[in-house]
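Right, one structure below, let's go through it.
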């Protein structure tokens, strides 16, 4: 693929591959730009940084298309190549086409200059999901020895506007890797999660930061706080599992008992929400649901006052685990499981009645005796 491909409005994905041929040497800044900077220096004027407030937004009335700028006269814009017979061709705005035609040109030349860096900002303003622009911007950050702390401020502002964009979070991650400074990250992510506590981009970044820089301290307390605010948030339950799995683990009986009882208390608050039930099943399933001491009795005690499809389904899972492990009273346990499957099918989870009847038939087929097959599951 040519270096200029994949930079249209809809381009997304991972980092672009290395070119087949060695890249050309970076072009120096054009004479017009160099002369302008020299004149400004002689006059004692500061040359504006691309991150200065003086940056002209594309929405500004004073914005000038690149093709009309004298300092870009040395560049031949490279149009997007949609092939000889494009189908359903995207109609780009004149401004979008202008910016990306010039971006393709500097990318093709591998021009590592201040003007190319400023151009990436315009391209990002038009489409912050374009991975090629972000990649080239990072090349320029290194080549031009830009202030990475300023770049962190820049990406912070963009993420606050577009918090569900893969490319902006990846750019931030690379900056944190370069700086080896995670000091702002947990607070920043918490601010983003305050806007949407289920933003998986933010959670993914948080997990990476914590794991990369060993920031495990206080994370479980943070999770506790979020669960108190919204016990239904499956993302927070996932974070709880992530933290404990990577710290104490669940093999310590005291940790496991704490988590089981913690989860049961949360279930009492919202018995009809699946998140806590999934967590409970996740931490016990590999150990055997029926083998955890007194869990069955605790759930049976909950059933009269906190009955829900999830509680009954969990009981079915426990009974199935008992059957798989060759329990003594096999026929009695099987009948209890079949009865619960029928309750789910007829009363508690009717939208999945065929599923529960299938589960019942499967249990019956696998675990009933040949001479005395239970008949309380409808066909």
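Any Cβ shown, glycine's included, is placed from N, Cα and C.
According to Swiss-Prot, the protein has these features:
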type: COMPBIAS; residues: 19-32; note: compositional bias 'Pro residues'
type: MOD_RES; residues: 2; note: N-acetylalanine
type: REGION; residues: 1-54; note: region 'Disordered'
type: REPEAT; residues: 112-146; note: repeat 'PFTA 1'
type: REPEAT; residues: 147-180; note: repeat 'PFTA 2'
type: REPEAT; residues: 181-215; note: repeat 'PFTA 3'
type: REPEAT; residues: 216-249; note: repeat 'PFTA 4'
type: REPEAT; residues: 255-289; note: repeat 'PFTA 5'
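Taken together, the residues in the repeat 'PFTA 2' (147-180) have a mean pLDDT of 98 on the 0 to 100 scale. Beyond its flanks by at least six residues, the repeat 'PFTA 3' (181-215) meets 152, 156, 159-160, 163-166, 169, 172-173, 222, 226, 229-230, 233-236, 238-239, 242-243, 246 of its own chain at Cβ-Cβ distances under 8 Å. Shown for the repeat 'PFTA 1' (112-146): DSSP residue counts in helix, strand and coil, namely 26 helix, 0 strand, 9 coil.
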